[in-house]
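Taken verbatim from TrEMBL:
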COMPBIAS  126-141  compositional bias 'Polar residues'
COMPBIAS  148-158  compositional bias 'Basic and acidic residues'
COMPBIAS  279-291  compositional bias 'Polar residues'
COMPBIAS  297-306  compositional bias 'Acidic residues'
DOMAIN    184-262  domain 'SAND'
DOMAIN    305-387  domain 'SAND'
DOMAIN    409-457  domain 'PHD-type'
DOMAIN    502-560  domain 'Bromo'
REGION    126-168  region 'Disordered'
REGION    275-307  region 'Disordered'
Amino acid sequence: MDPLDFITHEELMKFFHCKKTEISCTEEPHTFLNQLRDHNLVPEKLYQKVIRMKCKDRRQEGVYQILDWLEKERGHCVKQFWTCVFKNHILQKYQVFRSLHNSLLDGSFRCYTALFSAEELSSSEQDSIQSMEDKANGQTNGRKRKKSTEEAEEKHEPGPSSLSKWIQKKPAKRLSFSAPLKQGHKADFYKSQLSVTCGEKEGTLYREKLAKGYKSICSDGRWFSVSEFEKFAGQGNGRNWKRSIYCQNTPLHKLIEDGYLQFLNQKIQLPVSSLEAPSPQSASSAGTEGSWNEADKEGDEEEDGQPVDLSKFQGYALPVSCGSVSGVLYESRFRGSRSKSIRTEERWFSPEEFVKQEIVLTDGHWERDILCHGKTLNYLMKKKILTAHPSECHCFRCSPANLQEQDNDDVCFICNSAGIMVCCDECPRSFHLLCHLPVLDEETLGKNWMCTFCVLKTNQQLWIHMTSEGVLNSPVSGNVMHCEYLLLCLYREDALRVFTADPTKTVPRYTRVISKPMWLDQVKTKLQKNSYQIMRDFVEDIRLIFQNCRIFNKDNEFGKMGARLSEIFEHELLTIFKIQ
């Protein structure tokens, strides 16, 4: 089933309206425009006019004109638009569509659509919406996700109650600054990345991560939640971050109040009418609901009277444990006792399955015995940090027919984005065809396919101990998979793609400082073309990347990222070759 089937035509229209400017700023939009043309979503005359534009600013205006025409003249085709721009080749090429795709699938798009009222749509649009929804009531488009030889596609879908978790924002208004801007300077609070400070610490805030409740501030090569960043800066206990973290001399609370930033507030009190009927598994917590409401008003105190800092539960991935067994619970997957929402190194588990992994528990119950930061899942559900669906729910996650589809990750293990992926039959990992090494060909995949990580793990007992010199002097031809494994580890850790592409094309004055640039894509290309004869050549190129980083960036944020990746590479090199 297409995850877009779970989103109404009205919501797709509102989201499209909000994102026209962001889409129009796409670099090199030719492939995107060709895709629209192929699907008859742009008039030929307007397409030819925009495609010939050379000036970047004029081209952006032209793309916006196309999107504006599409909204006004082809509003009934908005689902077709999102479907065609979420094809794998478009997602691979454009970061903006990967971001929008994830936003639609995880439900965070509703923070934008909530800013609009239904009355803002014209009567013709309302008629179009009604007819589209009437037509959709009885039919859905089937879509499979590839597992071995079966085709596969993304399986995310927004949680039904995710809208009620978002704070309604005021319309954006002009901001008053505590310090005037210099003439000619403009504060653009709508950038995807914002420079922030807290005390003497500096970092970069990523708007989309903040809106989803993820760790959103990168500082000194590490990721922090907003409350963690305040503690890291030594400015408080993590509860006053809205006033202690500044962007261009403006506290974050002002940006949030005025609608420039979206923030997922886990403490928001939900109206009774917006709550779903409790499932049988969570019925035991219903009797204490009233006492929780009082505790929330008193300051989030638990039974023992101690205050609880709910900011530690803001992340999309929460560490959980049951006795000696540990894993990570993904809030977007959680629907109750049987949803496969807990990921370990080996596989995905439902809470019911996970609690059974602790063999010493003879009468374990998932609500009571699975802990997150010392709190039970029952506590997290009472606080509305987690939401359990009723037993009769038939949504994408709860449907028994889709349980097997949840055995593998929803995003690529390397680039952490969705799309058409191949699923490993030995582990939970999923990969885009081009992200995996060796690069995959869908037509030649066998019935049971193992990823590079699993192949190396399976053959681990066959490895022999080697010396450092022995490894460096060994031929690459006999160690190609080891090299691919090392590259995959680095690609995965380079989440911001700092070391992936050619820095001479994106970093000003780079060649004035660095005489011999090197980057991960270049190493991958040389490996695929058999340019390396011995392992020393391969290892030296990898080390050159981080040597250049240290020289160019010194000890700044990117320099520390490079140092961390360098440590990971050296550790993995010692491990896979068993260097003594």
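Including glycine, each Cβ sits where the backbone N, Cα and C put it.
Between the domain 'Bromo' (502-560) and the listed ranges 184-262, 305-387, 409-457, the one holding the most Cβ pairs under 8 Å is 184-262. Here the domain 'Bromo' (502-560) is broken down by DSSP into helix, strand and coil counts: 39 helix, 1 strand, 19 coil.
Secondary structure counts, DSSP: the domain 'SAND' (305-387) has 19 helix, 21 strand, 43 coil. For the domain 'Bromo' (502-560), the mean pLDDT of the prediction comes to 94.
In terms of DSSP secondary structure, the domain 'PHD-type' (409-457) contains 9 helix, 4 strand, 36 coil. In the domain 'SAND' (184-262), helix, strand and coil residues by DSSP number 23 helix, 22 strand, 34 coil.
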